[in-house]
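Novice: Below you will find the structure I want to go over with you.
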């Protein structure tokens, strides 16, 4: 029996955070035995916001090495760089012609990003969701792990797939209509200084973010200065409405140690100050990230291995993507190249 196909991607823009790890990359590793996984470093998406070429080059290799370091196995999963598989851009153009301007103008992420990058509101940023649809539909993905910020884009991909199928092949659909896969994670990873906002690797205030490759001393310092509250006596309780800062730290501690919120509350019942709890949270994060950082350094220094992974992944991805692209091209009437 064939496994359900899953596709997910990670952007090589900025340093990956523990939010990226707990919200996505850790699930990538865990899903490999039960799903046919397609994982990509989405460098085509990254350039919808202006990038320094050298920084993008290094960030792409960094992201690939991190994927490998967290446990993505190229023998179990297809791991590749998006721009190495030209079918993504090719199908993206075709799908543009089956997407309405009004649909794209309603995308909230475009509104948010265009407001933040008002000096460079380019067509690629507007068109981002169509390329994402191509990413998904090329591989016949049954499920796509998405956070709340990407659910609208997945809905658009479903609409495009359904529209194309209804026009050209209602009896034998060319595209699989994907469903969302909502990962069950312990931690809602929020900003360290403002726990009402999601932790973002692109946050200009670096005190809000812990990166996967961050030095232990820096991690401990940031957690020590993280938002808590002024309740007296101090109380460790998981209550997002009234104790967002503490709840955020509890989520991180739970994710790093495997302890439940109930166990954490019992462990720190009757504390006289938040300092010891913060110290334990910081040390738990350092312990969680240490093996990942060590493996990352080993892999990042082995460029021959990384090249081999990229080459094999691109070839495997292209082989599958080419089949879908050929069907779509034939459906619209393109002449097959002799």
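Note: Cβ is positioned from N, Cα and C throughout, glycine not excepted.
The ATP binding site annotation in Swiss-Prot covers 11, 12, 13, 19, 20, 147, 148, 149, 189, 198, 199, 200, 201, 202, and the record cites sequence analysis as its basis. Among the features that Swiss-Prot reports, motif ''HIGH' region' is placed at 12-20. Residues or ranges marked as L-tryptophan binding site in Swiss-Prot (evidence: sequence analysis): 135. The motif ''KMSKS' region' feature in Swiss-Prot is assigned to 198-202; the stated evidence is sequence analysis.
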Novice: In whole Å, how far is the residue listed as 'L-tryptophan binding site' from residue 201 (ATP binding site) when you measure between their Cα atoms?
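Specialist: If we compare the Cα positions of residue 201 (ATP binding site) and the residue listed as 'L-tryptophan binding site', the gap is 22 Å.
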Novice: Which sequence positions outside the motif ''KMSKS' region' (198-202), separated from its termini by at least 6 residues, show Cβ-Cβ distances below 8 Å to it?
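Specialist: Sequence-remote neighbours of the motif ''KMSKS' region' (198-202) are 13-20, 149, 188-192, 208-211.
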Novice: The residue listed as 'L-tryptophan binding site' to residue 20 (ATP binding site): how many Å between their Cα atoms?
Specialist: 19
Novice: Are there residues of the same chain, six or more positions away from residue 189 (ATP binding site), whose CB falls under 8 angstroms from its CB, and which are they?
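Specialist: The list for residue 189 (ATP binding site) reads 17, 18, 19, 22, 23, 198, 199, 248, 251, 252, given in order along the sequence.
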Novice: Would you mind listing, in sequence order, the residues at least six apart from residue 20 (ATP binding site) in the same chain with a Cβ closer than 8 Å to its Cβ?
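Specialist: The answer is 10, 201, 212.
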Novice: What are the helix, strand and coil residue counts for the motif ''KMSKS' region' (198-202) according to DSSP?
Specialist: 0 helix, 1 strand, 4 coil
Novice: Which residues in the same chain, at least 6 apart in sequence, have a Cβ under 8 Å from the Cβ of residue 11 (ATP binding site)?
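Specialist: Counting only residues 6 or more apart in sequence, the Cβ neighbours of residue 11 (ATP binding site) under 8 Å are 41, 42, 45, 46, 63.
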Novice: Going by DSSP, how much of the motif ''HIGH' region' (12-20) is helix, how much is strand and how much is coil, in residues?
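Specialist: Its residues divide into 3 helix, 1 strand, 5 coil.
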Novice: Please report the number of other Cβ atoms within 10 Å of the Cβ of the residue listed as 'L-tryptophan binding site'.
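Specialist: I get 27 for this one.
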Novice: Please work out the mean pLDDT for the residues of the motif ''KMSKS' region' (198-202).
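Specialist: Taking every residue of the motif ''KMSKS' region' (198-202) together, the mean pLDDT is 84.
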Novice: If you count the other Cβ atoms within 10 Å of each Cβ, which of the binding-site residues 13, 148 comes out on top?
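Specialist: Output for this query is 13.
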Novice: Within 10 angstroms of the C-beta of residue 201 (ATP binding site), what count of other C-beta atoms is obtained when all protein chains are considered?
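Specialist: Neighbour count, Cβ to Cβ under the 10 Å cut-off: 17.
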Novice: Across all chains shown, how many C-beta atoms besides its own are within 10 angstroms of the C-beta of residue 199 (ATP binding site)?
Specialist: 24
